[in-house]
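For reference, TrEMBL has these:
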TRANSMEM  32-54  transmembrane segment
DOMAIN    47-295  domain 'G-protein coupled receptors family 1 profile'
TRANSMEM  66-84  transmembrane segment
TRANSMEM  104-125  transmembrane segment
TRANSMEM  145-169  transmembrane segment
TRANSMEM  207-231  transmembrane segment
TRANSMEM  243-266  transmembrane segment
TRANSMEM  278-297  transmembrane segment
């Protein structure tokens, strides 16, 4: 039996920092991964900043581009919360992250991801009003409603993040305090816990349903109505043009839904930890890079304004 003082000291040490394993344990890949991720991160920043600049143009002062600008800001924030620390793990032997740093990172990741999901639902509602009620679109989607929807998305994301972060860090974490991941996230922290997490695993599945499937169902319902309205359009060219305004949004929703559900539906599945790292990399790094390409390459108005700016 260890003396009580030694146990207390060890527990205190346990809760002061964690160690991140990083994206890969192969030393020969570290520098290659560093430059690759650095390039992707730079592309994310440039692409999303361009979207933010382009959508301020007077010809793009519509709710759709306002939501797109907010989405780009969230993408920059998500990548900036995860990538810099990941780059450090590639080139430094010190891969530790403080307890407070881990709490902050988890809170930010959950907040940004949840807010982004709710924002995607708001963007679907915007497309629904634009296509199904075009004559009332300007009256319904006014500036006040757009700002209220963004504020509601942020508040909802904050509530989800506070609850999830507080719940995770009520768990007891055992030695070794090494997180088999490249940032602090819910699944690797649950695996690290030495207490019974069965109740929490059920709770995280419920939270996943709330954060991902509820907005997804609303998006799906919106697009059922949208497609129904599109099919009533007599001109094939008009149908194609109308649907093309929604295809970019559907592509982003599909990417987020596929990666998010696979990561969080089985939070303590340690056998698939390597696959979860890849999915998390896609979710936090690759998708924020693709969003500007998806929205700019498939949007004639954005391309025209971008060309004039350049």
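FYI, residue positions are counted from 1 along the chain as it appears here.
Glycine too: its Cβ is placed from the backbone N, Cα and C atoms.
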Whether the transmembrane segment (243-266) meets the transmembrane segment (32-54): three or more C-beta pairs under 8 angstroms: no
Selected stretch (most C-beta pairs under 8 A with the transmembrane segment (278-297)) from 66-84, 104-125, 207-231: 66-84
